[in-house]
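What Swiss-Prot lists as N-myristoyl glycine is 2, and the listing cites similarity to another entry. Look at Swiss-Prot and you will find 3, 12, 81, 110, 458, 482, 528 tagged as N-linked glycosylation site. According to Swiss-Prot, the region 'Disordered' annotation covers 671-708.
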């Protein structure tokens, strides 16, 4: 395999003295978390310059934007650019007259961090002759004295010295050079990660070890033949050592082993202490919990005053229904011909091509009342259903969506003459095969879709009703005795809102919502039948974020109090003292604590409990408001501590992983043994380095034919 020369040492990858001793304090890290979002990088403003020395900058038109042509005359006086305004690498950059932009300190710090990330792979980049000169963002910056602002009016009161500026061309070329290097590193980075995960190279706590020669042999035996590590083993060794302080190579010339890792700061934050989880983990989890609570907007979801529907609404999410199983009195957006109407009747409708279709209506037929629906996409899937009868096989039959309009309510229809107009808006042909059960024919997955938009129906008559039906249709008349199904709603109907900002409450479109009034106002049946954009679903979605935040932060068990459950306890303590009706029950604090804890645990398991009337505690809006506000306070007042149970559990779990890892590495050393130092091979002259080369017949990746 040979020697590799790096800046600090000469190494022998397959030789003696190398160390493989991963520990929690030297865990691998190479991920540069860059903050390059536009909101962080911009706006830094632009530089402005006075038009003339005699002109007051407060005069109209006294400032103009600086361009690259202004740099020489302004930068000569700046000590940072004493050699001239043009940076040392500017010969490589076109020097055109371009407007300048101000670079924020945040941008400089993050681009510098990106440069550092590339240097993890410097030896490999040099081998490829890619980015032979380490990029330096500061070389492309010029520091000038100027007025700074997005507008001239803002800039005239903001004169600054030594402001970093850059032209768009230089900025683009710099980013392109970084991107080109990252492109060249794509497979290299993957292969390095494969090598680091083929066997455990990190441990969550403590320390593990294995002879490095055994590790190298395992990698040689298992790495893919096209792995770049086989082609560039020396460069890979250096790159791995920079990432992981547990991988150390002996300096052959000095006879010393040094930790080459550059991640000591990050690794220490990732390591647990003897009694607490890693600092980074605690910080991240607290941040996640706070982000969830912020997204839930506790003030909005606990409001006792009306909130505009667009403010309360969430991004629309699809909801699934089986229309045949919904109660008509709960799903107020449905209509049904009474089952007592015993005489089926045939109707004939057309589609947008003028083709005529026949269908039947009968008692029990259901439709969607489009007048109570916001713009919506309907997708009906009959997959897995049978619909077979003695004289009716669904295979090859067609099902369609039909839109009706009539001034007569649907539930009063008894004849085709009562229908104003109707059209087939879409249809599909079914494929079905005989089931394993007798007399059943299973329909394959279907996708009968329709996008409902009110504007398409030209709703000008306020007395006109609009309905959507899913049913079998045929080009010939369908015998009412052969096909007895009232419709084909016994399927999976997915409804997806096409517009955001519209909210319904139990089927009625509303302009505003009082969130606190939603608490405990739905039965499980009415919640199940609610539309996708129902206020209850919006409330549950927001409440789910609160529940997830509690789960991240809280490790209290059943009946145990916690900072997140005691807000409910406080509310219960006061409410039992309030004057009311019936027998008053006074619970001691121990009982109240358990009641509050159970209510919180039920909420974590199913956030919809705040909406349904079945939840005895959180269906009270006062208890819900206390919880929502209390969780926010609990997280805001938390430091970087962790729950007692969480700390103990994670530490004991980490110790079990440490034991497993060491056991695995012991097996590696057993099955891929390192040469014994006291067994020189014939011809050994006694020189350490010569003995190392001769006795290692396996020689790591050298056996694959690579040059030492």
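The backbone N, Cα and C atoms fix where each Cβ goes, and this holds for glycine too.
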Quiz question: given the glycosylation sites 12, 110, 482, 528, which has the greatest number of C-beta atoms lying within 10 angstroms of its own C-beta? 12
Using DSSP reduced to three states, classify residue 12 (N-linked glycosylation site) as helix, strand or coil. strand
Between residue 458 (N-linked glycosylation site) and residue 12 (N-linked glycosylation site), find the distance joining the two CA atoms and give it rounded to the nearest Å. 81
Expressed in Å to no decimal places, the gap between the Cα atoms of residue 482 (N-linked glycosylation site) and residue 12 (N-linked glycosylation site) is 85
Rounded to the nearest angstrom, how far is the Cα of residue 12 (N-linked glycosylation site) from the Cα of residue 110 (N-linked glycosylation site)? 35
Students should find that the Cβ of residue 458 (N-linked glycosylation site) has, within 10 Å, a number of other Cβ atoms equal to 9
